[in-house]
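A.B. asks: Sending over a structure as C-alpha cells; questions will come in a sec.
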Number of protein chains: 4
Amino acid sequence: MPLSPDQRAEIEAQRANPKPTLRAVSEGMEAHLYHAHEVLDHGFVRVIDYMGDDAAIVQAARVSYGAGTKHVSNDEGLIRYLMRHWHSTPFEMCEIKLHVKLPVFVARQWIRHRTANVNEYSARYSILDREFYIPAPEQLAAQSVVNNQGRGEVLSGEEAARVLEMLKRDANTAYDHYESMLSQEGQQGLARELARMNLPANIYTQWYWKVDLHNLFHFLRLRADAHAQYEIRVYADAICKVVADWVPIAFAAFEDYRMGGATLSGKAIDCVRRMLKGDAVTQETSGMSKGEWREFMGVVDG
Amino acid sequence: MPLSPDQRAEIEAQRANPKPTLRAVSEGMEAHLYHAHEVLDHGFVRVIDYMGDDAAIVQAARVSYGAGTKHVSNDEGLIRYLMRHWHSTPFEMCEIKLHVKLPVFVARQWIRHRTANVNEYSARYSILDREFYIPAPEQLAAQSVVNNQGRGEVLSGEEAARVLEMLKRDANTAYDHYESMLSQEGQQGLARELARMNLPANIYTQWYWKVDLHNLFHFLRLRADAHAQYEIRVYADAICKVVADWVPIAFAAFEDYRMGGATLSGKAIDCVRRMLKGDAVTQETSGMSKGEWREFMGVVDG
Amino acid sequence: MPLSPDQRAEIEAQRANPKPTLRAVSEGMEAHLYHAHEVLDHGFVRVIDYMGDDAAIVQAARVSYGAGTKHVSNDEGLIRYLMRHWHSTPFEMCEIKLHVKLPVFVARQWIRHRTANVNEYSARYSILDREFYIPAPEQLAAQSVVNNQGRGEVLSGEEAARVLEMLKRDANTAYDHYESMLSQEGQQGLARELARMNLPANIYTQWYWKVDLHNLFHFLRLRADAHAQYEIRVYADAICKVVADWVPIAFAAFEDYRMGGATLSGKAIDCVRRMLKGDAVTQETSGMSKGEWREFMGVVDG
Amino acid sequence: MPLSPDQRAEIEAQRANPKPTLRAVSEGMEAHLYHAHEVLDHGFVRVIDYMGDDAAIVQAARVSYGAGTKHVSNDEGLIRYLMRHWHSTPFEMCEIKLHVKLPVFVARQWIRHRTANVNEYSARYSILDREFYIPAPEQLAAQSVVNNQGRGEVLSGEEAARVLEMLKRDANTAYDHYESMLSQEGQQGLARELARMNLPANIYTQWYWKVDLHNLFHFLRLRADAHAQYEIRVYADAICKVVADWVPIAFAAFEDYRMGGATLSGKAIDCVRRMLKGDAVTQETSGMSKGEWREFMGVVDG
C-alpha cells in the first residue's frame, strides 16, 4: 500500500477546497487531481496540476492557421488533422505536472526523455525509505530467446522462489547496512551522499515531473508500447487513463494515429500496392530484410 | 488602440464565468487573465493561462531536498536561497501562456529563446492586417556613437519627420501592393505564402507563447535589461508587472539577484578586496581591459 | 551570383590546406567543405564543419546495446534497424555546421526548429546588403484553390510581370530609404536597430546553423516534403545532397523509412487488411473522414 | 586499472592512423583523442571527437555582429567580451563527444543536464561487469554538521574499515546473485532487464556523451565547483584539463568569469558601495539574511 494515512489525509485536504478560476478547466481532470493511482507494489502516479484542455489545442491552432482552419468543420476534425500531419506545437500548449513514485531502474529509463521538468527526491539531502520493488511472481520472466531486450516465459515456481528470495534478502541487507553506515550512534556516521551508493536499483524514489502534451504523447508512444519493459509500461498505462479524461479528443486521435498506427517504409508501401493488385509478394521479392518483412507481416496480417 | 470592440467583448465573456478548480490558484494572476496590456502602438500582452504559484516552487523544492530544507525557516527564505544558488528546476514547475501581438522584427529577437512553445499566426494560411509599428517621435534615436548596438540621442524634429514619413509611406505602399497581389479580381491572385515577402519588418504578427518560470526569468533578465532594444524591452516590462503579481516572492528574489545583481570576475573580486583594504586600484593595476574596468566601475561606483 | 570574388578566394584558401586529424573523417563530406551550393537567386548553403560518419552511429549504438547488437549482421542492417524503430540517440552523435544565406521569410520558418544552434547576422550591429529574393517567373504561383496553405497554377505572364515589378520596386524603395535613414551626411542618422524595420521579408540574411543528424532528419522530413513551401524546400534539397555524401547509409535509410514512407492510422491498417482479404472498402465504410480517405488512397494507390 | 589490454590496443590503433581533413583542427585536442584519463577506481573520460576551436567561436560571433566586432582588437578580447556579457550562441558552435565510464549514482546526477546527447550501455540488452566504486579511505567522510548536502570530517579508521567492508561485501553478494539469477545452467535464467534491479548504485556504467561548449561550461561550473559531490567533481576536473587544451582562450575566460567569479545581489552591491565609502556594514544593517551575509563575506573577505 503506497500511501500512508498522513498522505491520504493530505490528499483529502487538497481535494476539499475548490477555488474559482478563470482559466480553462477540464472536468475530467479535476476528478483525478491529487488522487494517487497505485502502480507496482509501492509506486503511484498522481496529478498535481495541469494547464489547458482539448479547446486549448484548437485555440492555439487557430492562432496559427487563422481563417485557414475554418473549413475543418469542428474541433475533433481539426485535432485529428493536426495529429495526422504531425503538427506538434498546438499540443505543446497543454501541460501536466505529475508526482510519481517509482523504482530507480524505471526512473533511469524515464529520465532519458529530456524535454520535461523534474525535481527528484535527493538522497544527498535526505534518507530514502526502506521500500523496494519486488516483482509479482507472474512478472518474473526468463530472458527472451528471440530478442535481446525482452522477456520470454514466466519462470518456474522453484526458480521464481529462488529469485524472489535473493531480491528480498539483498535489498534488506543493503538497507540494513545503509542505516548502519548512516547511524551516528557511537560513530561519526557516513555522509548520506556516500551511503546511498549501497542501495540497489529496485529501491523507490519519487519526483515531480512536468511535461507538455506533445512530449507526453511521445513518451507514451514509446513506453505504453508492447515492447516497453513491463515496469515502466504500467506507469505509462496509468498516465494514459488520466490523459484520456483530460483531453479526450486529443487522446482518441493519439490512440488511432500513434498507438494503433504503423509507419510503412517506401519498400513496404510498394509491397502493399503490389499485393492489392493481386501480386504474390514474398520476403525474397519484397526488397526487405527478414526482420523488416516479419514486422511488415505483423502490420498487414494483424 | 490594439483591441477591437469584438475582442473586448470576447475578453469580457471569458472573464465573466469563473469555474471551480482544485489546482493552485494565484489571486494576483486571476486579475490579469485575458486582459490585454497595451504595448507600443498596436501591440499587447495578455495572459491566457498559468500553472503554479510561489507555493508550487517551494513544494517542488521540498520533494527534492526533503528534510534538508527544514532549516530554511520559511518559504521566502527558501525561494531566495534557490535563486541565489542557481537552482533552476523548482522554478521550472511554474508555467505561463501569453498571447502577444508584436512587430515582426521584435518577434525575430524573441524567438531566439528556444526553450518555449510557440504558435504564431501564419501568413501562409491567412492574410495579415494593415498594422505597422511606427515609433513615437521620442523613440526615434540616432545610432549610438559609443557602441555598435545601441541608440544615442533622439533625432532632431526635422530628421524625425523625414524618417516617420518614409516608414509610413513605405509600409502603406507595401501593404497596398500586398493586397493588390493577393486580389483575385480580374486576375489569379498570388499565393499568400509569396505575397507576404513584400511586407516590412514593422508589420505586426501575433502568437501564443508558453514558457516555464525559469526560462521566463532568463528572457526577462536579457530583455528587460537597459541594454535591450527599447521595442522588446517594453514587452519584457509589461510581463514583469504580470509576474510580480503572479509569484511575488520569486519575482522579488529575481529582482534582487538577477535584475539588480551583477557578476564579478575573479579579477574584479580581487580588486574589490584590495580596495576594501585601502589600496588604490586603477585600470592599469587591475589586470582588466578598459571595457571591463568601465563596467566594473559601473558596479562599484554606481 | 551569390559569391563575390573575395568570398571565392577565401573558400579557395580554406580548401588549400588540409591538416592531419585522428578524428573520424567522411571522405564524401570533405569534398563539400566550404563550397557554396547556390540556392535561389542570391542564397547558398555551405558546410563549415561536421562531426562523425556512418560508423559513428554504429559505434554509439554498440555502446548502448553492446553484445545485443551482434546478431545484426552488418552496419547497414543496424542503421536501418535503428531508423525503423525510431531510435534517435545514435543519430544525435553526428553533427553538422552550415553557413546559410537565405531570405528572411524563409529564416522565420527555419528557426521554428528549436533544437539547433544559430548565430545570425545582426542588423542591430551591422548594415544589411541590398539583396532581395525575387522569384523566378515559373515560381510565381497563384493561391491554391484546394488548400489554404499552398500554391496552385503559375500566374499568367501579364500578372506575373505586375507582381515582379511591385516586388522589385518596393524592395528598392525600401532599401533606398533604409540607406537614407542611416546616412550621417548632414543629419544624425537613425539607429540601425530601428532602420531595419523598413526592410521587407524577402531581404537576405545569413547564419551559422549547427544541428545533430537526428534533428536534421526531422527538419528535412518536413522541409524537403512536397508540401513544404518551395523557397525552403530548395534549401532542404541542397542539404539532402550533402547528407547523402556525408552518411550514405543513414541517408538511404532515411529516404526509405521517412521520406518515402507513410504512417497509417489504426483505421487505415484495418482497411488495408480488409482490402487484402478482397473486401471492397469505401470511404463510407472505412471510418475515415473524406480528407483522411483521400490521403489514404494516395498511399495505397500511389 | 580501468583499461584492459584489449582496450589499450584499440586505442593505439585509433591513434596510429591520422587522416587529412579540411576542418578546423585543435592541436591541443588531437593529443587527447581516445586516451583514457583515469578517474576514481575504475572510471575514465576519453575524447572520441570534437568540432571547432577558439577560432570557431570568433568566426560565429563575427557572422552575428559583423563589422560591429571590429573594434574588439583581437580574438581573446572578443571571447572574453562574449563570456562577460553572457553571449551563449558562439560557444554553442563547438562540440565535444566523450566516452565516460562512471558509477551509476554519478550518472544519475550527470544526466540531469538535459541539453546533451547520450548513448548509455544498456543493461536490458547486455550484462554489466563486476566493477564497483569503492571509495578510497580519505574519501570516506562523515555527514557534514553545517549543511545537509555535504561531507564533513574523514571517518576514523575503524569506522571506515566497517564501511568499506559493508560496501565490498554487499556489492559482491549482489553481483553473485545477479549472475546466479541470469544463469541458464539448470534453470531458465531471469531476464536481464529484471536481474539488473539487484545491483547497487556504485556499479559502473558507461556512455557516450556529446555536448556543446556552452552547455559544457554550465556543467563544469556546477560540477567542478567546491560544493559538488567529490565523485562527480573528479570527472569535471578531468574534463576541465581537456577543455583547457582544446579551446585555451575560451577556457581562460571561463575560469576568470565563471569559476573564479561571483554574482552579487542588488543588496550586496549596495553594501560594497557603502563599505568602499568607509561605512561599517554589518549583517544587521545589510538587509541580508545570515546565510547570504556569510556567503557575501566569503566573496569580499576571501
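Backbone N, Cα and C define each Cβ position, glycine as well.
Quick caveat, the model's predicted, so the values are computed rather than measured.
Below are the features listed in TrEMBL for this protein:
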BINDING   C:Thr89, C:Arg112, C:His113, C:Arg114, C:Glu120, C:Asp212, C:Leu213, C:His214, C:His218  FAD binding site
BINDING   C:Gln109, C:Trp110, C:Ile111, C:Arg112, C:Glu120, C:Tyr121, C:Ser122, C:Ala123, C:Arg124, C:Arg196, C:Arg223  dUMP binding site
ACT_SITE  C:Arg223  active site, involved in ionization of N3 of dUMP, leading to its activation
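Describe the structural context of each listed feature in the structure shown, including burial, neighbouring residues and relevant distances.
C.D. replies: Sequence-distant neighbours of C:His113 (FAD binding site): residues of the same chain at least 6 apart with a C-beta under 8 Å from its C-beta are C:Val211, C:Asn215, C:His218, C:Phe219.
Non-local neighbourhood of C:Gln109 (dUMP binding site): C:Arg223, C:Gln229, C:Ile232, each in the same chain, at least six residues away, with C-beta under 8 Å from its C-beta.
Using a 10 Å radius centred on the Cβ of C:Arg223 (dUMP binding site) and all shown protein chains, the other Cβ atoms total 22. DSSP classifies C:Arg223 (dUMP binding site) as helix under the three-state reduction.
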A.B. asks: Please tell me which one of the binding-site residues listed here (C:Ile111, C:Ser122, C:Arg124) sits closest to C:Thr89 (FAD binding site), measuring Cα to Cα?
C.D. replies: C:Ile111
A.B. asks: Tell me the Cβ neighbour count for C:Leu213 (FAD binding site), meaning other Cβ atoms within 10 Å of its Cβ, over all protein chains shown.
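C.D. replies: So the Cβ neighbour count for C:Leu213 (FAD binding site) comes to 26.
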A.B. asks: For C:Ser122 (dUMP binding site) and C:Leu213 (FAD binding site), determine the Cα separation and express it in whole Å.
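C.D. replies: Cα to Cα, C:Ser122 (dUMP binding site) and C:Leu213 (FAD binding site) are separated by 27 Å.
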A.B. asks: Are any of the binding-site residues C:Gln109, C:Ile111, C:His113, C:Leu213, C:His218 near chain D, where near means a Cβ under 8 Å from a Cβ there, and if so which?
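C.D. replies: So none of them sit by chain D.
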A.B. asks: Return one of helix, strand or coil for C:Ile111 (dUMP binding site), based on DSSP.
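C.D. replies: In three-state terms, C:Ile111 (dUMP binding site) counts as coil.
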A.B. asks: Hey, does DSSP put C:Glu120 (FAD binding site) in a helix, a strand, or just coil?
C.D. replies: strand
A.B. asks: Including all protein chains shown, what's the count of other C-beta atoms within 10 A of the C-beta of C:Glu120 (FAD binding site)?
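C.D. replies: Around C:Glu120 (FAD binding site), other Cβ atoms within 10 Å: 19.
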A.B. asks: If proximity means a C-beta under 8 angstroms from chain B, which of C:Ile111, C:His113, C:Arg124, C:Leu213, C:His218, C:Arg223 count? These are the binding-site residues.
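C.D. replies: Correct list, in sequence order: C:Ile111, C:Arg124.
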A.B. asks: Quick check: in three-state DSSP terms, what is C:Thr89 (FAD binding site)?
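C.D. replies: It is coil.
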A.B. asks: What Cα-Cα separation, expressed in whole Å, is found between C:Ile111 (dUMP binding site) and C:Glu120 (FAD binding site)?
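C.D. replies: Taking the Cα atoms only, C:Ile111 (dUMP binding site) lies 10 Å from C:Glu120 (FAD binding site).
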